[in-house]
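Database features (TrEMBL):
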type: ACT_SITE; residues: A:Asp123; note: active site, proton acceptor
type: BINDING; residues: A:Pro71, A:Ser72, A:Ser73, A:Ser74, A:Gly75, A:Leu76, A:Gly77, A:Ser78, A:Ser79, A:Ala80, A:Ala81; note: ATP binding site
type: DOMAIN; residues: A:62-131; note: domain 'GHMP kinase N-terminal'
type: DOMAIN; residues: A:199-267; note: domain 'GHMP kinase C-terminal'
Number of protein chains: 2
Amino acid sequence: MATWSAPGKVFLFGEHAVVYGKPGIAMAIKPRVMVTVRESRYHQKPNSPYIAECFRLMDVKGSVYVRSQLPSSSGLGSSAAVTVATLCAINDEFGLEKNRAEIADLAHQVEMSAQNGRASATDTYVSAFGGMVLVRGNEKRRLLPPQNFSLVIGNTLVSHSTSEMVGKVADLRKHSPDIANPILDSIAAITMRAMYNLDNQKELGSLMNMNHALLDALGVGHPVLSKLVLAARSAGAHGAKTTGAGGGGCMYAICSKSSRNRVAGAIEGCDARAIITTIDTEGARKEKDE
Amino acid sequence: MATWSAPGKVFLFGEHAVVYGKPGIAMAIKPRVMVTVRESRYHQKPNSPYIAECFRLMDVKGSVYVRSQLPSSSGLGSSAAVTVATLCAINDEFGLEKNRAEIADLAHQVEMSAQNGRASATDTYVSAFGGMVLVRGNEKRRLLPPQNFSLVIGNTLVSHSTSEMVGKVADLRKHSPDIANPILDSIAAITMRAMYNLDNQKELGSLMNMNHALLDALGVGHPVLSKLVLAARSAGAHGAKTTGAGGGGCMYAICSKSSRNRVAGAIEGCDARAIITTIDTEGARKEKDE
């Protein structure tokens, strides 16, 4: 029996623009998915297509037990975390000796087949390695994570479709390139500016606010996201923005330690779910068997 | 005794971008300022610096009586309307025989001296001529106004400073041209697209929503403006955006005749003032003396 866990992620800057080769910054967050795998002669068919694909790809049979601190389908990378943790647990239980980079690659393959060939490698990479990552095209660069990086995530509980939102931006770009392309350029400039200001939370907050407005301009906003962003800002956050595909899902705010409870309260006051968290620097890790 | 009136205006698209030579669309609205001028030997010093400047420039003496349907300092061009109506009434009372274009030029001169050399010629031009105008640099082009153009204006009652907001955008442009300039380019593309879609209110609404988000991205938003815009959209408006300098002041929504009361109600429900109005095609006009 082997138990492994892997963290979720938020996109800090540049989502949607990354689809067009622009830079983006993603970060692993503390909430994790824990997966226990036990070798068994009779393969118990898993409910999750991700887990089923992990067993198929690794060509082993066993039973699985999953516990998650991450809400699913909310843009926090829970499917990537499930996949990475399952692959690590299989790797350990069956003595397959894959390293972290191989696990990250395999996890991306699993997501590709479970999502019909459409999956970004960012979620699985960040979940496997932890920390903060600059993504551009196929290139990934690990960033030195800032100190005291307090994050409040607000989950709108509004379901959304990543592929629908990506399609919406693609449509705007096709029919109105003169409107959409400058917006993507501005987002790219904001992301690069953010990369050099990770330790300046006030500057980072104002860049977040701009990036949020530009996501709205691309048409991937949602009234509840706007509401949570406004609530977080008026509760004292340095900045607040949609994270991920938009049209629902989550937003996040950065704030000082002293104001994070107030920001979380403001979000909960809008009938949404708040998660106070910070950067996870470990990535996938072995847990004690229970 | 002569009584003249002149209409207020809203900026439909492109505010702030016009400062940098990009196109903008402004429109005269029904609410008016009425000004009665009576020749008198003893000049009664007016309270308004605009009116005082009108008398000084025209070199006459008289008494003035002003009634306004426009809230002042809210970005609806009330000072331009006061100026245009006063000049027209002076022109009439004293038989000076200036035409409408001359009145518009004189009104701009009055605004320039009353505002220390900083005044756009758009407000006075639109108030003098009425209708809808495309502005770019010093060029002004009258547009064929659309039919059934129902507008709901929401006044946040939050005071704002146009010059402060213009300065904010200038700062962003100076320190972050790679972020600000693409946003201004995108606003310009939206304005041109709007000009060719004035009769397509759904398309116009979606362009308004994008332009609003880009104004937010430039940093001239305000939480109350966001609130009114969201309220108007969820009450069924085709689109809603800040009009004018931002940081307070007004927003407007376009909507069908059947939904305009609902949109106005949603705005009033946010403790703001709503004005249901439409395009004014007359500009300055002579009123019956009471």
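Using the three backbone atoms N, Cα and C, a Cβ is placed for every residue, glycine included.
A quick note: this is a predicted structure, and the numbers were derived from the prediction, not measured.
Taking the features listed in TrEMBL, we show where each one sits on the structure.
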residue: A:Pro71; record: ATP binding site; contacts (Cβ under 8 Å, 6+ apart): A:Ser78, A:Asn155, A:Arg273
residue: A:Ser73; record: ATP binding site; contacts (Cβ under 8 Å, 6+ apart): A:Ser159, A:His160
residue: A:Gly75; record: ATP binding site; contacts (Cβ under 8 Å, 6+ apart): A:Val10, A:Phe11, A:His160, A:Thr162, A:Thr243, A:Gly244, A:Ala245, A:Gly249, A:Cys250
residue: A:Gly77; record: ATP binding site; contacts (Cβ under 8 Å, 6+ apart): A:Gly8, A:Lys9, A:Leu70, A:Asp123, A:Val126, A:Ser127
residue: A:Ser79; record: ATP binding site; contacts (Cβ under 8 Å, 6+ apart): A:Tyr50, A:Ser72, A:Glu111, A:Ala114, A:Asp123
residue: A:Ala81; record: ATP binding site; contacts (Cβ under 8 Å, 6+ apart): A:Ala6, A:Pro7, A:Gly8, A:Lys9, A:Arg32, A:Val33, A:Ser68, A:Leu70, A:Ser127
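Taken residue by residue, the domain 'GHMP kinase C-terminal' (A:199-267) breaks down under DSSP into 40 helix, 10 strand, 19 coil. Helix, strand and coil counts under DSSP for the domain 'GHMP kinase N-terminal' (A:62-131) come to 40 helix, 7 strand, 23 coil. Sequence-ordered, the extra residues of this chain that approach the ATP site, with Cβ no more than 8 Å from the Cβ center of A:Pro71, A:Ser72, A:Ser73, A:Ser74, A:Gly75, A:Leu76, A:Gly77, A:Ser78, A:Ser79, A:Ala80, A:Ala81, are A:Gly8, A:Leu70. Within 10 Å of the C-beta atom of A:Asp123 (active site, proton acceptor) sit 27 other C-beta atoms, taking all shown protein chains into account.
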